Structures are given as C-alpha cells and as structure tokens.
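**Student:** According to TrEMBL, the protein carries these features:
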type	residues	note
DOMAIN	11-101	domain 'Acylphosphatase-like'
ACT_SITE	Arg26	active site
ACT_SITE	Asn44	active site
Amino acid sequence: MNMAEGDTLISVDYEIFGKVQGVFFRKYTQAEGKKLGLVGWVQNTDEGTVQGQLQGPISKVRHMQEWLETRGSPKSHIDRANFRNEKVIVKLDYSDFQIVK
C-alpha cells in the first residue's frame, strides 16, 4: 500500500513577524492546528514574534502555513512568515497542539 504524497508526514518550524502578540494569535493558531488535525506548539518570543513547530500530513501543513502567512487571528497583522527546517518524519513527536508559555 502506497501512501499518497499528500499524506507524507512532515515537520516544519515557523516564526511569524508583525503584530502577533496580544491579539490571541497563539489561541487561534492552536485552534486552527487542531482543526486541521496537526500537532506541534506555538509560543511568543521576547522579540515580539510568534514561533513554533507544525507536524502532520504535508497537505494539512501547507494549509496551515498559508493560514499563518495570510490569516492569523482577526486582530493580528502579519508582516511575514519564515518557515525552516522542513523535513519528512516517520512519526509525530507530539500528541496535540500546545501553547507554550
């Protein structure tokens, strides 16, 4: 049985720049991640950005990347999104999508 390309599991780190703190960005990111069935984490940084890691089927991760780049939370203003360290993984490292304090 061959897994379709869209079902390949990947992991990718992200950092979002703009007005992304104090606008419920983490809460919305967690909700969107869970809705898509992704796992990973999200946290605020001291630099005023939001960073984290996404893991899941490639098609769902791509959807989430687009959401992080263009949508975010209703009151956020996203300047840019950096994605790095993308790699194919055999299994998920997390059981859910968490907000890290």
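Any Cβ shown, glycine's included, is placed from N, Cα and C.
Model, not experiment: these values are computed from the prediction.
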**Student:** Cβ-Cβ under 8 Å from Asn44 (active site), same chain, 6 or more residues apart: which ones?
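**Tutor:** Listed in sequence order: Gln21, Arg26, Val50.
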**Student:** Let me know how many other Cβ atoms fall within 10 Å of the Cβ of Arg26 (active site).
**Tutor:** 21
**Student:** To what whole number does the mean pLDDT across the domain 'Acylphosphatase-like' (11-101) round?
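**Tutor:** Its mean pLDDT is 97.
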**Student:** DSSP-wise, what's the residue breakdown of the domain 'Acylphosphatase-like' (11-101) into helix, strand and coil?
**Tutor:** 25 helix, 38 strand, 28 coil
